[in-house]
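Below you'll find the structure, written out as structure tokens, and then a few comments.
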Amino acid sequence: MSIKGIIAGLGNPGGQYEKTRHNIGFMVINKLITITSASKLSGKKFYCELWKTTTIIDNYLLAKPQTYMNLSGEAIHPLVEWYNITKDNLLVIHDELDLPIGKMKLQQGGGTAGHNGLKSIIHNLGTKDFYRLRIGIGRSPLPSENTVNWVLGHLSMKELTTLNNLFPTIFDALSFFIKDEKETAIRMINSFTLSETVNLS
């Protein structure tokens, strides 16, 4: 099986974390699994759930680390090592507090903005130069709300609807990303604007 790259969505395993803001990475992978009719592989030795598709993303694995968010690197690192994946062909999808819901950013490298999943991956890989798809969750409209409570809080129906409207653009951009047309993918994601902004207050 020839594997060129990995698309990993970050989140926390367990039903209690489904549809929480911190699990947006998992949600994107779940959508890709459905769209591409991906088949599940054994990822136990990597502490990951893994899928392979024979459609448009046929040379990339879809991965969901099962280590909990703050230890994501302990799953990503052995997976990258086993398949000999370069930093240019690793894409990590995660939630982003510093972007409003409905906005996305695709970039290579950069900081962590305090995201513990990214910190763990950078620590374990020894590089920050992999690609990230940052999906905005915004910050709580309540100044007194703890950040941890916010990211572990469940998405509202309005937020879920907004996220669903992102998926067509994400899928189209990924179709360019895997063909090494990464600048095209970056332009598609970074220029995307919803017709209606979402007010969480």
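Quick reminder: no glycine exception, Cβ is built from N, Cα and C everywhere.
The Cβ of His22 (active site, proton acceptor) has 22 other Cβ atoms within 10 Å, all protein chains considered. According to Swiss-Prot, the feature active site, proton acceptor maps to His22, an assignment based on sequence analysis.
If you look up Swiss-Prot, you'll see Tyr17, Tyr68, Asn70, Asn116 marked as tRNA binding site. Taking the Cβ of Tyr68 (tRNA binding site) as centre and 10 Å as the limit, one finds 18 other Cβ atoms among all the protein chains shown.
Proximity of Asn12 (site 'Discriminates between blocked and unblocked aminoacyl-tRNA') to non-local residues of its own chain (separation of 6 or more, Cβ distance below 8 Å) is seen for Thr20, His22, Asn23, Tyr68, Met69, given in sequence order. Secondary structure at Asn12 (site 'Discriminates between blocked and unblocked aminoacyl-tRNA'), as computed by DSSP, is coil. Residues or ranges marked as site 'Discriminates between blocked and unblocked aminoacyl-tRNA' by Swiss-Prot: Asn12.
Taken from Swiss-Prot, the feature site 'Stabilizes the basic form of H active site to accept a proton' covers Asp95, and the record attributes it to sequence analysis. Take the CB of Asp95 (site 'Stabilizes the basic form of H active site to accept a proton') and look out to 10 A: across all protein chains shown you find 24 other CB atoms.
Under the DSSP three-state reduction, Asn116 (tRNA binding site) is assigned to helix. Within 8 Å of the centroid defined by the CB atoms of Tyr17, Tyr68, Asn70, Asn116, the record's tRNA site, lie the Cβ atoms of Asn12, His22, Thr67, Met69, Leu71, Ser72, Gly117, excluding the listed residues themselves. Listed in sequence order, Asn116, Gly117, Ser120 are the same-chain residues six or more apart from Asn70 (tRNA binding site) with CB atoms under 8 A from its CB. Long-range Cβ neighbours of Tyr17 (tRNA binding site) (same chain, at least 6 residues apart, Cβ-Cβ under 8 Å): Gly11, Asn23, Leu152. DSSP gives Tyr17 (tRNA binding site) a helix state.
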